[in-house]
Amino acid sequence: MKNHNFSATKSIRIPILFVILLHRFHIQAQDILLNCYANTPNYTSGSEYETNLKNFLLPSLVSNVGTNPNDTVYGLVQCRGDISMDACRTCLNESSVVVIQKCSNHIDADIRLETCLLRYSNTRFFGEVDKSMVVFSVVRENVSNPTVFNRQLGILMNNLESNASLKSSKFEVGSIMYTDFSSIYGMVQCTQDLSSYSCTSCLQDMIGRIPGYLNGLKQGHIFTQSCFLRYDDNLFYELLPPPPPPPPSLSPVPGALPLPSDSGKEPLPGPEPSLNIVAIAVPVVVGVFLILAVCFYFLRRRSGANKSGIP
């Protein structure tokens, strides 16, 4: 599966920041979490903010831009797990239509479908944890042994949180047995703009709410706009392919000389020491011949001088 890291872009004439998080996981239902923040001012119909917002959210380019800082729109979208890029775009397009219809004139809003998240604001929120809570359980059916189930669920969720917070993707899936024949399947994810510490804080806050909100239930969701968790006693996500094997180690070059042994260590047995002996003996022999040649040369000169001096 191809991973897509988030990126931020900025318009030259008007700063429209857009963080795209395309690590995706698929959940079957399409339940909507929609927040239109009433404690923030509304934008005026026909204003530059509305124009930039709608062009920003919908799949089109910004054609009319302004220079007023109040027209800045910060946005974040995220799709989950094993859905296609086409399905991701479809979900985001649907989200943008719904949020404009339901949160008309709001400068701050967010919407989460089961397969995507969309959020926008006139203030920069990247890296900040949103802990507004919603709890949703798909099937309100209790397990036969809630004590064992809750214990195993806690172990699973804490393990998933520990792994997810350290990954750049900020998500993790896994399973754990709670009977000899039954498993719990879990998934956690944070938005990638969060630090490892913030992701841990967000997920731990939700994990701590499981006993109070989802005690003994076979299936459960807890969402915020910064992170979410889901568990089920049935497999609900596609298994990710295993990571590629590491590249093979480089084989030694045939006939290559071994590295010299460390000082103070005996040479290893085998043919290698003979190579060292040859390497040392050759320059010694050459040196002896050079010395003999020099001596012979001076002796010849001395002998010639003596002969020339005889009357």
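The backbone N, Cα and C atoms fix where each Cβ goes, glycine too.
Just so it is clear, the model here is predicted, and its values are computed rather than measured.
What TrEMBL records for this protein:
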| type | residues | note |
| --- | --- | --- |
| SIGNAL | 1-29 | signal peptide |
| DOMAIN | 20-125 | domain 'Gnk2-homologous' |
| DOMAIN | 131-236 | domain 'Gnk2-homologous' |
| COMPBIAS | 247-257 | compositional bias 'Pro residues' |
| REGION | 247-268 | region 'Disordered' |
| TRANSMEM | 277-299 | transmembrane segment |
### Task
Report the DSSP secondary-structure composition of the domain 'Gnk2-homologous' (131-236) as helix, strand and coil residue counts.
37 helix, 30 strand, 39 coil
#### Entry: Arithmetic mean of per-residue pLDDT over the domain 'Gnk2-homologous' (131-236)
91
